[in-house]
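Participant: What TrEMBL lists as domain 'Manganese/iron superoxide dismutase N-terminal' is 44-124. TrEMBL lists 68, 116, 204, 208 with the feature Mn(2+) binding site. The feature domain 'Manganese/iron superoxide dismutase C-terminal' is assigned by TrEMBL to 137-237.
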Ligand SMILES: [Fe+2]
């Protein structure tokens, strides 16, 4: 029988990264942990909003946007950088158990950073050309083929959003592979869309996304989100045009 303690020691000693990282000091002279910048690695940073905090009113208030972007999204970025720095230290130390213990923090905060970065770009001020589905000809055509009409799709998507229990996200994705069909998926907490599916647009269903304005009126938030969906970004992601909008990894 393999002793788990011996297994950690074995993995640490045989880590392919051990030789390259053994020379990397991950503590400061005073013994404190280094951050990513001090390790010579680029930290992630909060992307600027592509519009003003009050630009989505009256459907999403400036107060929500300021807190959502400046506090919540910033916290995911800060915590992701801290978890990644700890992970680098754990790899350098050959501490496999510590590496495993950090996986959840990396998944949660990394997912939060990815999801919100996609979300800001798939929203646009109401009344602008971007919020008119007419700018997404190919996508709307594919939607109509799959759901019969844009209205039927909106109903199905809204129902999926309202069926999320607790915190999560709803996504329209283009499936990976040759078929490249469209599908509505939901992800729990901050889990991002993975496996090659392309997120066309996502809607944040965490309470922090609507509660200050809508209180328990989740259905009204879902109804109004359609006024601020950026169909141009959605079309870009669907057809693979405009690298900045298509990029789904950071
Ligand atoms: Fe959020």
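Backbone N, Cα and C atoms are what each Cβ position is placed from, and that goes for glycine too.
What's the neighbourhood like for these features in this structure?
Facilitator: Model confidence over the domain 'Manganese/iron superoxide dismutase N-terminal' (44-124) stands at 97, taken as the mean pLDDT rounded to a whole number.
In the three-state DSSP reading, residue 204 (Mn(2+) binding site) counts as strand.
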Participant: Can you give me the residues near the recorded Mn(2+) site, meaning same chain, not 68, 116, 204, 208 themselves, Cβ no more than 8 Å from the center of the site's Cβ atoms?
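Facilitator: So the additional residues around the site are 69, 72, 73, 119, 206, 209.
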